[in-house]
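> One structure, as structure tokens, below. Some questions next.
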2 protein chains.
Amino acid sequence: MTREMHPQRWGDPRLAGPLSEATQALVDAAFGAVPTPAVDRVVLPGPGLAEELLASLAGAVGTAHVHTDEGTRRSRTRGKSTPDLLRARAGDLSDAPDAVVRPGSHDEVVAVLAWAREHHVAVVPFGGGTSVTGGLVATREGYAGVVSLDLARLDGLLAVDPVSMTATLQPGMRGPEAEAALAEHGLTLGHFPQSFEHASIGGFAATRSSGQNSAGFGRFDQMVVGLRAATPVGEIVAGAAPASAAGPDLRQLLLGSEGAFGVITEVTVRVRARPAEQVHEAWRFESFAAGREAVRHLAQHQLLPTIVRLSDETETALNLASQSDVGGEGVSGCLMVVGHEGDAVERRRAEVAEALAAAGGSPLGEKRGRHWREGRFAAPYLRDSMLDAGVLVETLETATFWSGVDRLRDAVTEALQDGLGEGTLVLCHVSHVYETGCSLYFTVAARQGEDPLGRWLAAKAAASDAVLAAGGTITHHHAVGTDHRPWLAREVGPVGVTVLRAVKAALDPTGVLNPGVMVP
Amino acid sequence: MTREMHPQRWGDPRLAGPLSEATQALVDAAFGAVPTPAVDRVVLPGPGLAEELLASLAGAVGTAHVHTDEGTRRSRTRGKSTPDLLRARAGDLSDAPDAVVRPGSHDEVVAVLAWAREHHVAVVPFGGGTSVTGGLVATREGYAGVVSLDLARLDGLLAVDPVSMTATLQPGMRGPEAEAALAEHGLTLGHFPQSFEHASIGGFAATRSSGQNSAGFGRFDQMVVGLRAATPVGEIVAGAAPASAAGPDLRQLLLGSEGAFGVITEVTVRVRARPAEQVHEAWRFESFAAGREAVRHLAQHQLLPTIVRLSDETETALNLASQSDVGGEGVSGCLMVVGHEGDAVERRRAEVAEALAAAGGSPLGEKRGRHWREGRFAAPYLRDSMLDAGVLVETLETATFWSGVDRLRDAVTEALQDGLGEGTLVLCHVSHVYETGCSLYFTVAARQGEDPLGRWLAAKAAASDAVLAAGGTITHHHAVGTDHRPWLAREVGPVGVTVLRAVKAALDPTGVLNPGVMVP
């Protein structure tokens with residue numbers, strides 16, 4: 001399958017070329033980094049499932065859809081966080097599943113879950129493999145084995161309702177496949193996270209993904225109007241209407257359930273007409289504070305464009321807003337990218353421009369806006385190149401209410417700089433905006449040093465503590481996985497944990513679904 | 001307390017005067033109705049809680065806040081559905097609580113729940129008493145008694161964050177109190193359901209209320225950014241950020257929990273600046289189908305005004321859109337009320353007017369729009385007058401996706417007309433609109449006949465069956481209560497029921513919270 005990602009890198013490795021001269025010079029100056037290529041030889045544990053178990057699994061989905069070869073297992077090992085990559089680059093793929101199973105229908109998913117329950121095998125639902133929070137690493141201890149439940153064969157557009165403007169998609173569709181299928185009907189989902197090229201519809205739902213167009217299209221959890229999931233105790237279908245007062249919203253329990261409550265097998269989403277026009281432009285603000293106030297004004301006056309993204313001074317200076325290279329021609333102050341897509345773009349653009357100018361912004365034209373758009377999926381490749389060059393690079397994100405944004409940003413920045421030492425660069429941008437608050441997305445670059453993994457894990461823990469202490473959420477759109485689980489427990493408190501465990505126990509009584517993920 | 005409602009009627013009984021001559025003539029012609037006044041003598045069971053239990057309850061909240069007098073118990077008996085009123089009008093208040101307790105703080109709510117758990121007393125959280133789905137009638141069997149946990153003393157505005165545009169309110173604040181307190185800060189919540197004058201903040205949250213301004217302000221569940229609740233196993237606080245990917249959204253489990261999972265003691269809501277301008281106007285469409293398509297166009301092109309409400313031909317002909325009287329000067333075709341509130345009203349009005357005209361609408365000017373607005377909380381009084389006059393009147397509501405609206409409307413109309421017999425009037429309007437669908441609100445008027453309660457319950461059951469068969473939700477904004485519980489079970493399916501029961505068991509292990517309500 002061409003859509004496989006390299007087990008040690010993001011996407012197509014050819015797209016992560018060597019750093020430009022300017023970037024390399026900056027890296028040399030800032031970090032004195034020593035190139036650190038990945039090792040060629042990776043070590044997988046032998047497949048641990050007994051032949052008779054594999055045979056019965058094959059009975060459920062067909063022999064052709066149970067894979068135990070090293071290549072397939074390698075490509076279904078862990079996700080794409082920097083810790084995942086550091087381990088893989090060092091040759092450690094010890095979390096490889098024993099087998100990869102690819103059911104071809106909802107009923108086959110049900111059959112795989114029944115098999116897993118019967119034999120007490122841990123099941124890791126796999127969509128695009130883009131998790132950056134350890135969402136694909138299940139507890140092995142106490143289980144007969146671990147299988148990756150790869151949803152790749154569930155990749156169809158099941159239904160389009162052009163009157164209601166909804167579409168029902170299977171979970172294994174990747175972002176571009178879903179957009180292509182909808183485009184045939186003149187429709188778009190409008191969900192473009194950085195992981196878009198590889199991530200899947202089921203993953204978007206299971207992790208509460210949020211895309212770059214969230215200001216105009218909403219978060220993925222706001223797009224979902226219906227869900228079907230297979231659980232070890234039966235099927236659940238949620239969403240009889242766009243909105244309802246029929247008790248708690250069970251859609252909102254499956255959204256964010258990260259494969260721990262069930263396997264999402266169908267997602268019905270709100271779709272829109274493909275945008276007739278689009279324009280992306282850049283604005284400059286004197287400071288992050290000025291830009292933040294401008295964005296808050298837009299959000300609180302129902303003036304949000306389709307895309308709004310504000311880089312802080314450091315991110316702006318490094319020109320990382322382009323997401324494709326650093327060290328190019330920078331802008332002083334803070335760069336804001338504003339995008340309008342859809343109908344009446346010129347009218348909306350004029351309204352927003354008036355508000356931004358009134359808030360102290362200066363228009364920089366369309367070129368930088370287009371540049372951002374062209375490079376908007378490229379950041380993970382730059383990370384690979386940086387890791388090759390010996391720089392430790394990772395991202396983390398959170399969200400809070402407007403009145404706490406500065407405090408949260410300062411607290412996280414300080415925790416990361418303290419944790420990673422002198423010369424550490426912490427960049428920040430706002431890219432998801434609500435009336436009452438916004439997300440903060442941090443990019444960190446530091447020396448790799450002796451033990452980059454250990455240093456990062458310690459710094460991330462300190463940053464996570466700082467997030468909670470400053471009143472933020474442990475994750476705005478990267479999800480919980482295994483990495484954020486201790487902080488989720490603190491965020492929701494003991495009674496919240498009781499609820500999550502109760503739902504888990506009810507839907508997955510023997511705990512075979514993604515054990516160790518999400519549920520504290 | 002002046003805000004008490006009469007146990008047999010809505011609100012202030014003086015506001016439900018005799019029908020106008022025109023209405024009386026219409027009632028006579030349509031139903032040959034015989035005036036049916038409520039009986040004066042209502043029968044309450046004796047308070048059933050032992051003195052020592054009441055004494056220990058008084059220890060938790062103070063003697064002054066435990067009430068066992070008949071007047072207080074009467075006013076906390078059941079809600080305001082037509083079945084509730086028919087029973088009360090016939091003198092039956094057999095569901096009266098044994099006592100009414102008014103805790104003065106979150107901690108006192110906790111103490112009441114601990115007391116209830118220790119003595120196995122059923123607790124019915126009470127906000128405004130406006131439930132129309134039996135949300136205030138707990139199971140008595142198997143319990144030492146039933147107390148109404150009246151939140152009236154928790155009626156403060158706890159905090160305002162003018163930067164984040166949020167406010168934290170206590171649950172016992174009634175709609176007008178909340179708006180008045182926010183108005184001192186120049187703010188509004190913008191939540192105006194028909195029950196606004198009496199319903200409470202806690203009730204809005206617990207039932208997923210939706211108000212007349214929902215097109216512009218959203219449903220109440222969309223306004224809530226944070227919740228605090230007391231449960232028998234401890235406190236739960238949900239909502240660290242406007243949006244999050246930190247697992248399932250636990251706010252969405254408490255929203256719609258109807259007092260069965262916990263007692264909501266604080267609600268943090270998104271607020272907005274009080275509208276600088278407002279305009280309400282009426283439009284005419286040739287048919288319900290034409291008006292529905294116009295509304296759909298607005299919703300699917302991000303053109304929704306603050307208020308949009310489309311009456312069908314029958315509702316329009318009876319001029320019931322005004323909510324205050326029938327039989328006045330009608331409009332042929334279908335009446336639409338459109339309201340714009342906030343900034344830039346004229347610009348938005350012009351955009352919407354252009355779209356409505358293009359969709360075949362004719363503007364009828366502001367007079368009818370104002371008329372609707374002035375009478376918008378009056379319908380429950382008209383119901384009282386109609387019940388006095390011997391007409392059986394009730395409402396029910398649902399929602400579905402646009403492509404199913406006609407089928408759902410036809411199915412419910414037919415079920416009600418079949419169930420209630422010749423001459424039955426079924427009126428319908430659309431008043432909550434989404435990109436993917438809308439609500440349908442039905443008003444029914446029929447002969448009371450020999451057994452109005454029995455006839456209504458049978459017709460409602462048939463209509464509820466029809467709702468599910470046609471793919472709608474059993475309730476869009478009236479909630480589940482006891483009345484919709486069997487249909488909720490069918491709507492969410494056996495695994496959905498398993499989840500609801502698991503959460504209930506985890507938070508309320510001995511089942512003292514609103515037993516019999518919501519959870520199937």
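Cβ atoms are placed via backbone N, Cα and C, with glycine included.
TrEMBL does not curate its annotations; it predicts them automatically.
Sharing the features that TrEMBL gives for it:
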{"type": "ACT_SITE", "residues": "B:Y441", "note": "active site, proton donor/acceptor"}
{"type": "BINDING", "residues": "B:125-131, B:207-210, B:258-264", "note": "FAD binding site"}
{"type": "BINDING", "residues": "B:R383", "note": "substrate binding site"}
{"type": "DOMAIN", "residues": "B:93-274", "note": "domain 'FAD-binding PCMH-type'"}
{"type": "SITE", "residues": "B:R309", "note": "site 'Important for enzyme activity'"}
> Among all protein chains shown, how many Cβ atoms are found within 10 Å of the Cβ of B:G128 (FAD binding site), not counting that one?
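A count of 25.
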> How many other Cβ atoms sit within 10 Å of the Cβ of B:R309 (site 'Important for enzyme activity')?
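Summing over all protein chains shown, B:R309 (site 'Important for enzyme activity') has 25 other Cβ atoms within 10 Å.
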> Looking at the recorded positions B:G128, B:G259, B:Y441, which has the shortest Cα distance to B:R309 (site 'Important for enzyme activity')?
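It is B:Y441, whose Cα lies nearest.
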> Near B:G259 (FAD binding site), how many other Cβ atoms are within 10 Å of its Cβ?
27
> If I take the alpha carbons of the residue listed as 'active site, proton donor/acceptor' and B:S209 (FAD binding site), what is the distance between them in whole Å?
14
> Using a Cβ cut-off under 8 Å and a sequence separation of 6 or more, which residues in the same chain sit near B:P125 (FAD binding site)?
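Sequence-distant Cβ neighbours: B:L149, B:L151, B:G202, B:A206, B:G259, B:V263, B:I264, B:L513, B:N514.
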> Distance between B:S131 (FAD binding site) and B:R383 (substrate binding site) at the Cα atoms, whole Å?
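Rounded to the nearest whole number, the Cα-Cα distance is 15 Å.
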> To the nearest whole angstrom, what is the C-alpha distance linking B:G128 (FAD binding site) and B:R383 (substrate binding site)?
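B:G128 (FAD binding site) to B:R383 (substrate binding site), Cα-Cα distance: 18 Å.
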> Distance check, please: Cα of B:S209 (FAD binding site) against Cα of B:R383 (substrate binding site), rounded to an integer number of angstrom.
20
> Tell me whether B:P125 (FAD binding site) sits in a helix, a strand or coil according to DSSP.
strand
> At the level of the C-alpha atoms, what whole-angstrom distance separates B:G262 (FAD binding site) and the residue listed as 'substrate binding site'?
32
> Pop the mean pLDDT for the domain 'FAD-binding PCMH-type' (B:93-274) in here, whole number is fine.
97
